[in-house]
Amino acid sequence: MTSYSLFWMSLLKNNWKPISNDFVICLWTLAVTFIRIYWIFFVPLEWKKDLDNEKWSFLRKTENVVCYNHKRDTINRLRKLKIQKIIELPPPYPNGWYGILKSSQLKAGEATCVSCLGEDLVIFRSKKDIVFILDAYCPHLGANLGIGGSVADDCVICPFHQWKFRGTDGLCINIPYSTSVPKGSKLKKWISQEVDGFIFIWYHAEQTELPWDLPVPMGEIDDTFVYHGHNEFYINCHIQEIPENGADIAHFNAIHKKNFINGSWAQKKRLFGLGSHHWKARWSPFTGKLKYLAEVNLSHTFKLFGKFGCFRMEVSGKQIGPSIVCLEVNSYTFGKIKVFQYITPIEPMLQKVVHEFYGPRWIAPLMKIFIYGESLMFERDIKIWNHKVFNRNPILAKEDASIKKFRLWFSQFYSSNSKIYSEATNIGW
């Protein structure tokens, strides 16, 4: 053994000490603190609830019904009760743009299946990053191209027999085991657009109507804004009832006055009397070439102990067609925030609603609170929607004038060939 090795062994023997418990605790504390800081500032908050997450059990205490063993039975029973008033329902699928898939959920060279608007669709992205949407079922033997289908150039290939369909027009251009393509081998091609990180589809009952263009970008997001998270809900109601909330001025202070700490069901009495939310709202439609737009303006103040006004917010929003809302929130507390709402009818009485939140990076801790509070507030509306019926001719107070204006404005999204409820749910042979 060399003198050099003996020197280092002697040094380690005389100076080595076991790591103290205090040092280990310090390391763990630093690690946990770092992870928490990283989560607060860099991890988006995701909040998702479907009909199974609804607390339906309280209904059995107030309704004379047979108790089912499974929550799904109760949900289906209530949905059938609501459908009894189908004569009141407007067509379930209004004409317009619908956000049906996040851009991040579809990579180049991938195909996926989406069911919405009473249709099954295959959505695929070419290697050149172009998105195409076609009817999902192969005209050959009915395979779903969105489940197992592959992408080549701007085409999607059926997983069953490798029939190849072109995304630009839906035509079948190749059958690997045949020298010709049968006449009529074509899938319907849907008009689509990719904006603000979402893939949108144009739906129109007349099929000949040219769509209005979506504003690009809809919310004017710049480089200072980052994605902070989203929530996603499934709701048992007609699509029209959700955006109608913006024109229902009286509901804001009826449903959303109580402190969000009270939770998602504001009727419950809690011990939290710290303060309440106070709202002022205004809704108005656009006219002329922009008649497919409407505007909502909200003023919010949180009154601490019912006296001291704080957490003031000014909210301005645009309703784009039947399903899209872009909100801009200005607040001394939260700064400037962008919120996008996308509604997609899955079935005539089942809506998927997504809210996406954007803001500066530095307000990330406050955004977690904002998203949490907004989600709870929205769940209060969902409690109402899940258990109400649609009244075609409601009795309105004079203060409800904006609801009448909204319904007149929204009626433009129905046309002569819009499917009524019985047509949208008809299954024939």
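For all residues, glycine too, the Cβ spot is worked out from N, Cα and C.
In the three-state DSSP assignment, the secondary structure recorded for H161 ([2Fe-2S] cluster binding site) is coil. Annotation comment: Swiss-Prot describes C138, H140, C158, H161 as [2Fe-2S] cluster binding site.
Annotation comment: Swiss-Prot describes 98-201 as domain 'Rieske'.
The transmembrane segment annotation in Swiss-Prot covers 23-43 and rests on sequence analysis.
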List, in sequence order, the same-chain residues at least six positions removed whose CB sits under 8 Å from that of C158 ([2Fe-2S] cluster binding site)? C138, H140, A143, L145, G149, K164, F165
For the domain 'Rieske' (98-201), the DSSP helix/strand/coil residue counts are 3 helix, 49 strand, 52 coil
Taking only same-chain residues 6+ apart in sequence, whose CB is under 8 Å from that of H161 ([2Fe-2S] cluster binding site), what do you get? C138, H140, L141, A143, I175, Y177
